[in-house]
């Protein structure tokens, strides 16, 4: 696609959203609580902030503000407000006066921001534990959130990933013609490196006429030892290993396809 000469600012909004799932099996209630405590500490607000800072660097965005919070009993959130151009310190108002109303903050946040929220949870009786990180990178202008795709997948090593990318609005060229997208894309997969593609089964559901792209990913290889928390396959009987494997596989299939599997 040839470069466009625009009339004014690039008004397209590009949003990249991830749901990243980590799944494990904990044999006892104590192990389940231990997994949730471990994952909650592993992905606390401080670490998530560093991941998002690096994401900003990768996509070439400038950080305006960071808000972060760890929650009790578990979970964390980080939101970073970003801009396309560096901020001149002379433009920062440090005078003593009331700040902006919430409506104006939300309006700005909808333009360019990066946010992540975490959701640890567990099955009440079957030992299944899942951790979900929900990430959104939303930009306006020439910044592309797709540049951070490989970095985020590598940083948050996951069993299942669902990715949404959409382009909204339009921008106008110097001749007054509206353009609803400013780059070529037919699949999110085309922006992934080969090593990621080799690790995952992937499926696309795209709505090209609406500039909406969706990719689901699930790890190809299954090794039970990677899914056991605080235990090892050698400690389990053949029957126990088969039961746990079936439970994990069913859980992963349900999350991947977004529907519950009814056993007949």
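Just so you know, glycine gets a Cβ as well, placed from its N, Cα and C.
Taken from Swiss-Prot, the feature pyruvic acid (Ser) covers 112. Swiss-Prot lists 112 with the feature active site, schiff-base intermediate with substrate. Residues or ranges marked as active site, proton acceptor by Swiss-Prot: 117. Marked as active site, proton donor by Swiss-Prot: 140.
Annotated pair the residue listed as 'active site, proton donor' and the residue listed as 'pyruvic acid (Ser)', C-alpha to C-alpha distance, rounded: 6 Å. Listed in sequence order, 75, 76, 77, 133, 134 are the same-chain residues six or more apart from the residue listed as 'active site, proton acceptor' with CB atoms under 8 A from its CB. Under DSSP, the residue listed as 'active site, proton acceptor' is assigned to a strand (E or B) in the three-state scheme. Around the Cβ of the residue listed as 'pyruvic acid (Ser)', 24 further Cβ atoms fall within 10 Å across all displayed protein chains.
In this structure, residue 112 (pyruvic acid (Ser)) belongs to neither helix nor strand by DSSP; it is coil.
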